[in-house]
Amino acid sequence: MTKKADPYGFAKDFLAGGISAAVSKTAVAPIERVKLLLQVQAASKQIAVDKQYKGIVDCFVRIPKEQGIGAFWRGNLANVIRYFPTQALNFAFKDVYKQVFLGGVDKNTQFWRYFLGNLGSGGAAGATSLCFVYPLDFARTRLGADVGRGAGEREFNGLLDCLKKTVKSDGIIGLYRGFNVSVQGIIIYRAAYFGCFDTAKGMLPDPKNTSIFVSWAIAQVVTTASGIISYPFDTVRRRMMMQSGRAKSEVMYKNTLDCWVKIGKQEGSGAFFKGAFSNVLRGTGGALVLVFYDEVKALLG
């Protein structure tokens, strides 16, 4: 029998997910920023073609030289602020949607319904959360892509400045640039992220007493696979985010479809996966989120 939702349980999920997300995101912030720069540099007004980063190592070497060591954490505060409600809402809604998708389903006799139910609950949770926090995700991307060294060279002076300038130049819609492809990508990512993880754990002899190392190993595989599958969607959405604040003559992509086509034609299919290896490394943080979530939830009783 599926338990009924209760306010305390929802709040506990929210808190456990948020705490684990904030800790893991701060730990992998340098990798996150390198990945972001490799993804969007071709669409950046600040990075000339001959100054583009050649790869992950080049990016790691040049960032502290050109922007200072603290630049590795540029946009991290915005990322934590964004990630806390995003991840917390994902986990909290995941359990709510589970009741809708998995009510009365026996995992032992109805495996495929159980698997598809987990996919559905994970995807729905991610899409729902995205509606609430997308402007923060947009701001985090633009702050992370800002390569100016001092205040005078920076495009934005912080989270609020980024939001204000974007709304002033593009209106509220400017904060939701790339939203459609983001929803597509988040559903694919979250479906794999939650669906496969919960299904794999559910198939273990004693899921509630699973070793933390086994949980981490399962989570590592899940986050890596789901991250690679959804990576092209992430690249396109971030490229679209880079269009806000530009004059019409400077806009590179007319819409999402145009972005897909131009990246493929002008840069090749490999461009959709720029920074993907750093995303695999970053996936360690995602795996830690899943494991920490279970541990924190257990501590909260």
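The backbone N, Cα and C atoms fix where each Cβ goes, glycine too.
Taken verbatim from Swiss-Prot:
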REPEAT    8-100  repeat 'Solcar 1'
TRANSMEM  10-39  transmembrane segment
TRANSMEM  77-101  transmembrane segment
BINDING   R82, K94, R237  ADP binding site
TRANSMEM  112-132  transmembrane segment
REPEAT    113-203  repeat 'Solcar 2'
TRANSMEM  181-201  transmembrane segment
REPEAT    210-299  repeat 'Solcar 3'
TRANSMEM  213-233  transmembrane segment
REGION    237-242  region 'Important for transport activity'
MOTIF     237-242  motif 'Nucleotide carrier signature motif'
TRANSMEM  276-293  transmembrane segment
Tally of DSSP helical, extended and coil residues in the repeat 'Solcar 2' (113-203): 73 helix, 0 strand, 18 coil
Listed in sequence order, residues with CB under 8 A of R82 (ADP binding site) and six or more positions away: V133, L136, D137, A139, R140
Tally of residues which DSSP labels helix, strand or coil - the repeat 'Solcar 3' (210-299): 74 helix, 0 strand, 16 coil
Residue distribution over DSSP helix, strand and coil in the repeat 'Solcar 1' (8-100): 80 helix, 0 strand, 13 coil
Neighbour tally for K94 (ADP binding site), based on other Cβ positions within 10 Å of its Cβ: 25
Nonlocal residues around R237 (ADP binding site), in sequence order (Cβ under 8 Å, 6 or more apart): G178, F179, V181, S182, G185
Stretch of maximal Cβ-Cβ contact with the transmembrane segment (181-201) [cut-off: under 8 Å; candidates 77-101, 112-132, 213-233]: 112-132
Contacting positions for the transmembrane segment (112-132) when only residues 6+ beyond its ends and CB under 8 Å are counted: 85-86, 89-91, 93-94, 96-98, 100-102, 105-106, 179, 182-183, 186-196, 198-199, 202
Within-chain partners of the transmembrane segment (77-101) [C-beta distance under 8 Å, separation at least 6 from its ends]: 2-5, 9-10, 13-18, 20-22, 25-26, 29, 32, 116-118, 120-122, 124-126, 128-130, 132-133, 136-137, 139-140, 143-144, 159, 162, 190, 194, 289, 293
